[in-house]
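S.K.: Input: one structure, supplied below.
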């Protein structure tokens, strides 16, 4: 039986109105730790997507401008799918458009949910339709009853850092999540979904960086025709030789890498050792 998008999608979607100021989009992205938000009109019809990259580019081109409406910076040409689309098709579409981490699910023009990479790599419900329906109901109840603070990143004081400020002034150093090459990919998937991360640095003894494993690395394309199974260890799935920055590099270089090459995080490395991580959110 084909698993459908409606069976794995998130239906309680955080959105932003097209006529809202860009500052509201920034606040919601930071509060809920998302990389992009669906943009809707007054009837909840999908009209675009706004991402952290869109906002970073706007900030670089228009410093100090907080009044611009979201519709002026959002992406209008977006990929969306029907609630009846097969999960395999959704995964294939997400891999085809590599920058995508979320696909809006639209029914007759109205936004009814989203499917994220986390939804696709999370263990899928097994059993018949009734058992899957019961499990989805229980998962929704659990999510509704979960304290809201578990969804939010630790609060940070407002900062305004110039382009020539060093990376160390913005990077995250405490409570870094890392993993080693010999760990199973299931453990990496659990960390990515449980901690709401997009990628995890892979280290050896002494915090030597050897790679990065991301949702994209774990998202196998079911339509690619390959008969080989997915890698079972982090070392077999990770991306080796990732692009890194140093703690004394200027933030301007990091911003350019993220805006031009689409990176969501940059490992911060000094003498081969991982000393921090710089994310798009750190630059907002």
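Think of each number as a place in line: the chain as shown, counted from 1.
Placed from the backbone N, Cα and C atoms, the Cβ positions cover glycine too.
As the structure is a computational prediction, the values presented were derived from the model and not from experiment.
Under the heading compositional bias 'Basic and acidic residues', TrEMBL lists 138-147. Residues or ranges marked as domain 'CBS' by TrEMBL: 9-66, 74-130, 171-228, 238-284. Under the heading region 'Disordered', TrEMBL lists 138-166.
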S.K.: For the domain 'CBS' (9-66), name the stretch out of 74-130, 171-228, 238-284 with the most CB-CB pairs under 8 Å.
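M.R.: Comparing 74-130, 171-228, 238-284 against the domain 'CBS' (9-66), the winner is 74-130.
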S.K.: What does DSSP give as the helix, strand and coil breakdown of the domain 'CBS' (74-130)?
M.R.: 17 helix, 16 strand, 24 coil
S.K.: Can you give the mean pLDDT for the domain 'CBS' (74-130), rounded to a whole number?
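M.R.: Here the predicted model's pLDDT, averaged over the domain 'CBS' (74-130), is 83.
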